[in-house]
Amino acid sequence: MTTYLSQDRLRNKENDTMTYQHSKMYQSRTFLLFSALLLVAGQASAAVGSADAPAPYRVSSDCMVCHGMTGRDTLYPIVPRLAGQHKSYMEAQLKAYKDHSRADQNGEIYMWPVAQALDSAKITALADYFNAQKPPMQSSGIKHAGAKEGKAIFNQGVTNEQIPACMECHGSDGQGAGPFPRLAGQRYGYIIQQLTYFHNGTRVNTLMNQIAKNITVAQMKDVAAYLSSL
């Protein structure tokens, strides 16, 4: 009986030792991985302001996390595609995030801190970079229900509900111009989110607040279905 207990204690001690060693190894690997990530992030951030760095590496690592290297493919449905977006529009939005005049929820959480680190030169460089990227090519066909109805709203508006045609500012093909953003191929969820913000006044823009105040949720989805399919 005594021998059995001793062996049992010995096994427990060996297990405790192995668990401790495994824990130390895990902590060590975690520390090394974290250190490596910090190093890579630091190198990427250092490259942002370097005129000698290849163009993609001038993009802040903060931008790449959500918008991707080229701004074509985003990780989240409410994160906008930036590839091919108009320079003046992007500059205006980054400045609005920086001075907190664009104050929607995601802007406050994610974009305010990022924009605070950008001076005028970096804002211009980022706008130039993403503007120069080729917009994504959408596959043919309707990805979301309501695209047909959305096309009618976009091109003709809804006169009896005092909703003007979107194409008057954003162009017949949704390409936009100057201060009016490109909407063709934009993310479905992002369009709905921003129309909601304009509708309820969360995102302040005198023109869009007036236009979106009468639009229904169903109409938002239809317009988003059409634009995201372009």
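Every residue, even glycine, has its Cβ placed from backbone N, Cα and C.
Listed features, source Swiss-Prot:
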SIGNAL    1-47  signal peptide
BINDING   CYS63, CYS66, HIS67  heme c 1 binding site
BINDING   CYS166, CYS169, HIS170  heme c 2 binding site
_Give me the count of other Cβ atoms within 10 A of the Cβ belonging to HIS67 (heme c 1 binding site)._
22
*Here are some binding-site residues: CYS63, CYS166, CYS169, HIS170. Which one has the most Cβ atoms within 10 Å of its Cβ?*
CYS166
_From binding-site residues CYS166, CYS169, HIS170, the one whose Cα lies nearest CYS63 (heme c 1 binding site)_ = HIS170
_Need the DSSP three-state call for CYS169 (heme c 2 binding site) to compare against my parser._
helix
*Near the heme c 2 site, what residues other than CYS166, CYS169, HIS170 in the same chain have a C-beta no further than 8 Å from the centroid of the listed C-beta atoms?*
PHE154, ALA165, MET167, GLU168, GLY171, GLY174, GLY176, PHE180, LEU183
_Cβ packing number for CYS66 (heme c 1 binding site), 10 Å threshold_ = 18
*How would DSSP class CYS66 (heme c 1 binding site) in three states?*
helix
*For the recorded heme c 1 site, whose residues are CYS63, CYS66, HIS67, find every other residue on that chain with a C-beta no more than 8 angstroms from the centre of their C-beta atoms, and list them by sequence position.*
ASP62, MET64, VAL65, GLY68, GLY71, THR74, VAL79, LEU82
